[in-house]
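According to TrEMBL, the feature transmembrane segment maps to 16-34, 40-57, 78-98, 118-142, 198-217, 229-249, 256-275, 295-312, 333-355, 417-435. Look at TrEMBL and you will find 61-217, 247-434 tagged as domain 'Na+/H+ antiporter NhaC-like C-terminal'.
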Amino acid sequence: MDITDFSHTRAPHARALIPFGVFLIFYLGLSIWSNDFYKVPMPVAFLVASATALLLNRRASLKSKIELFAHGMGDADIMTMCLIFILAGAFASTARAMGAVDSSVQLALAVIPPNLLLAGLFVVACFISLAVGTSVGTIAALGSIGAGLSETLAVPPGFCLGAIVGGAMFGDNLSMISDTTIAATRTQGVEMHRKFQANLKIAIPAAAATVLLYLLLSPAVHPDRAVGSAGWGAFFAMLPYISVLVLALCGLNVMAVLILGTAFAGVIGMANGSFDLWGFLGALGSGTLSMSETLIVALLAGGLLKVIRYNGGIAYLLKTIETHIRGRRGGEFGIFLLVGVVNCFTANNTVAIVITGPIARDISKRYGIPAARSASILDSASCIVQGMLPYGAQILTAIGAAGATGLAVSPLEVIRYLGYPYLLGVFLLVSVFLGRPARSRSVR
């Protein structure tokens, strides 16, 4: 049998989820067993899981299943993400070659006390992401700076990158122009400002707790070398980063921002003698190549998730979770679990909200959950899960930015040091279980 309609989804099947279990066992299991998360390359883990997915659904021919897999790899969202990775790698490598990373670190250490740097990274990422509405763009802009600071402060790279990813997810969750906010409010039929107000009750305490956490941890952080005052040269070398942040705050598309930022870095680098034209081209080439593993993971994840969805894996999750909901608290927890689990299989929080939004709206109507509350849970839960996915765009962008500066960072090292997504999850679950008790249907 050939697969002719790639958008079609089969009836719910638990077996469709087997490849995801294989991925977890292979990647996490072997990494824990070897006590080294660099032992198992993530592309290999995805290849094993993808091969497992292609062996399922024996009624379809191998040729058609491979075409389905390729269709998932070529999804517009996946391709867009890959383009951003390539441009982010080129920008990070060029900026490092012309001295922007070292100058940024020097200026930061000259202005900000070392014990405030981690909290400062988080807060800056929060505000930038809140303004631009994209976590990936924020991480692409700040990732190289975080990697450079980690070397100077002699802390694990994952520590600084985790602070940036957490801050980026804060803004992605709350921003009025974020795709997730738009998807959550539209599927729940609620105005943005009402959802924003409901979100603040959870996000602000979580963010404040995260800042406090970084302040408590930072006293043990000391620079491994003395850093003098930063002069005008350091400021001019930082201009590529400043230009990227300003352009992003102006609402320019993230790819246009990275292209212009890379070109600006090249011009400044040739002007200050950091490199000539050939050195600039070499930096561009090495930067794009540094993203190769990240690109492979993104492509394989897109194909794998497409096959899982076609085989009925996501439909099975939706059906299973929906049948176990009881009462308002159960409804809120069900929405949380629903979007979170689906997010694991889509690796895209906007898509997860679009898929689960209509079901969440039915649940909220049935159990009297206000529309603003259900939209807030949808957006927050997807933010929590997306920020922790080792194959999600946010983590991949962070490790890609670190790789472009010459640092090898495991996705799990970044996840280990995430603060905000964990605390947001705690505050959200507390709000669910300490919220108002169940009540009958209500008309909203």
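For all residues, glycine too, the Cβ spot is worked out from N, Cα and C.
Where the annotation comes from TrEMBL, it is an automatic prediction and has not been curated.
For the transmembrane segment (256-275), the partner stretch with the highest count of Cβ pairs under 8 angstroms, out of 40-57, 78-98, 295-312, 417-435, is 78-98. Contact count against the transmembrane segment (40-57) (Cβ pairs under 8 Å) is highest for 16-34, out of 16-34, 78-98, 198-217, 333-355, 417-435. Mean pLDDT for the domain 'Na+/H+ antiporter NhaC-like C-terminal' (61-217) in the predicted structure: 83.
Sequence-distant residue pairs (6 or more apart) of the transmembrane segment (16-34) and the transmembrane segment (295-312) include at least 3 whose Cβ atoms are under 8 Å, placing the two stretches in contact. If one looks beyond the transmembrane segment (118-142) by at least 6 residues along the same chain, the residues whose Cβ comes under 8 Å of a Cβ in the stretch are 81, 84, 87-88, 91-92, 108, 112, 149, 155, 159-160, 163-172, 174-179, 181, 207, 210-211, 214-215, 217-218, 221, 241, 244-245, 248-249, 251, 254, 257-258, 261, 386-387, 393-394, 397-398, 401, 419-420. Non-local neighbours of the transmembrane segment (78-98) in the same chain are 72, 136-137, 140, 143-144, 148, 237, 240-241, 244, 254-255, 258-259, 261-262, 265-266, 268-269, 272, 274-275, 279-280, 283-284, 286-291, 294-295, 298-299, 301-302, 393, 396-397, 400-401, 403-406; each lies 6+ residues outside the stretch with a CB under 8 Å from one of its CB atoms.
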